[in-house]
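A.B. asks: The structure under discussion is supplied below as structure tokens; questions concerning it will follow.
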Amino acid sequence: MRIAILSQGPQLYSTKRLVEAALARGHEVKVINPLKCYMNINMTKPSIHMAGKDLGHFDAVIPRIGASVTFYGSAVLRQFEMMGVYAVNGSIGIARSRDKLRSMQLLSRQGIGLPITGFANKPSDIPDLIDMVGGAPLVVKLLEGTQGIGVVLAETRKAAESVLEAFMGLKANIMVQEYIAEAQGADIRCFVLGDKVIAAMKRQAKPGEFRSNLHRGGSATLVKLTPEERSVALRAAKTMGLNIAGVDLLRSNHGPVVMEVNSSPGLEGIEKATQKDVADAIICFMEKNANKSIKSAQ
């Protein structure tokens with residue numbers, strides 16, 4: 001098979017591992033920077049070009065689109081989809097998961113456990129917004145933030161008011177969530193592939209930090225999931241419409257709550273913590289489903 005990996009970083013661990021796994025299984029693979037692509041959108045033969053050349057035919061595409069290039073990257077992915085190329089994760093699922101507020105609303109509609117979340121536009125609504133999520137301490141999140149950037153723990157009501165007023169004054173899009181104190185700075189990353197959770201790790205924040213992201217200095221260890229946690233992770237990924245997802249859960253007093261569904265989960269932390277060959281599992285999943293897609297199109 002001829003496989004395209006949409007990624008700006010050919011030297012990133014996840015991209016390199018996917019290339020290695022694809023080559024090991026006998027595939028031809030090309031890493032494509034979506035920002036260097038341009039598209040011919042027409043009714044007879046849509047195409048994707050780069051540096052003056054048509055990229056030609058691919059059997060499957062694995063999107064590893066960074067959050068900062070979601071709009072253009074998704075447009076390139078849609079063009080692949082229009083051309084009949086099997087996408088391991090589709091453009092619609094990626095767009096849903098990248099919009100933090102929309103993803104919370106979709107999960108809420110499906111009755112999936114969430115932290116109480118508030119969203120408002122006017123500074124005059126701040127007092128009610130704080131009360132809505134149970135008061136301080138609370139968490140303020142920039143909707144465009146990634147890897148723990150733009151996430152603030154407001155430990156007092158006064159601090160919460162100040163942070164919210166500052167963000168609103170900057171016209172930033174923010175949401176407010178209850179603080180799950182009982183999680184003690186730890187979350188669980190569930191790696192979903194198709195209809196299975198193939199790996200899971202517990203991420204613990206470093207001392208004095210509440211964000212458990214590995215990019216923020218958190219540590220990762222193997223964790224055993226409960227049946228409920230496994231079910232919640234699978235339902236969350238399905239709700240987003242994703243075949244590959246990193247579902248982040250917190251263990252709360254009222255069961256697992258979903259913090260985020262990541263459509264481009266990193267492989268380094270999960271592979272090292274679990275000793276599982278996640279990259280190979282992704283390529284095997286892609287082979288199976290791309291072949292189904294080709295047969296159904298014939």
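Cβ atoms here come from the backbone N, Cα and C positions, even for glycine.
Because the structure is a prediction, the values reported are computed rather than measured.
Taken from Swiss-Prot, the feature domain 'ATP-grasp' covers 104-287. What Swiss-Prot records for Lys141, Glu178, Tyr179, Asp187, Arg211, Ser212, Asn213 is ATP binding site, and it gives sequence analysis as the kind of evidence. Sequence annotations record features per position, and here Swiss-Prot assigns Mg(2+) 1 binding site to Asp248, Glu260. Per Swiss-Prot, the feature Mn(2+) 1 binding site maps to Asp248, Glu260; the stated evidence is sequence analysis. Annotation source Swiss-Prot lists Mg(2+) 2 binding site at Glu260, Asn262. The Mn(2+) 2 binding site annotation in Swiss-Prot covers Glu260, Asn262.
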A.B. asks: When a 10 Å sphere is centred on the Cβ of Lys141 (ATP binding site), how many other Cβ atoms does it contain?
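C.D. replies: A count of 21.
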A.B. asks: Within 10 Å of each Cβ, count the other Cβ atoms, then let me know which of the binding-site residues Asp187, Asp248, Glu260 comes out lowest.
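C.D. replies: Sparsest of the binding-site residues Asp187, Asp248, Glu260 by Cβ contacts within 10 Å: Glu260.
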A.B. asks: C-alpha of Asp248 (Mg(2+) 1 binding site) to C-alpha of Glu178 (ATP binding site): distance in Å?
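C.D. replies: Here the two Cα atoms are 16 Å apart.
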A.B. asks: Between Asn262 (Mg(2+) 2 binding site) and Asp187 (ATP binding site), how far is it from one CA atom to the other, in Å?
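C.D. replies: A Cα-Cα distance of 14 Å.
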A.B. asks: With every protein chain in view, how many other Cβ atoms are within 10 Å of the Cβ of Glu178 (ATP binding site)?
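C.D. replies: 19, counting other Cβ atoms within 10 Å of Glu178 (ATP binding site).
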A.B. asks: Just to verify a number: CA distance, Lys141 (ATP binding site) to Glu260 (Mg(2+) 1 binding site), in angstrom, no decimals.
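C.D. replies: Between the alpha carbons of Lys141 (ATP binding site) and Glu260 (Mg(2+) 1 binding site) there are 12 Å.
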A.B. asks: How far is it from Glu178 (ATP binding site) to Glu260 (Mg(2+) 1 binding site), counting Cα to Cα, in Å?
C.D. replies: 14
A.B. asks: Just to confirm: which same-chain residues, 6+ apart in sequence, have a Cβ under 8 Å from the Cβ of Tyr179 (ATP binding site)?
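C.D. replies: In sequence order, Ala136, Pro137, Leu138, Val139, Leu153 meet the Cβ cut-off.
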A.B. asks: What's the number of neighbouring CB atoms sitting within 10 A of the CB on Asn262 (Mg(2+) 2 binding site)?
C.D. replies: 22
A.B. asks: How many Å separate the Cα atoms of Glu260 (Mg(2+) 1 binding site) and Asp187 (ATP binding site)?
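C.D. replies: Cα-Cα, rounded: 11 Å.
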A.B. asks: Given the model, what does the mean pLDDT over the domain 'ATP-grasp' (104-287) come out as?
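C.D. replies: The predicted confidence over the domain 'ATP-grasp' (104-287), as a mean pLDDT, is 92.
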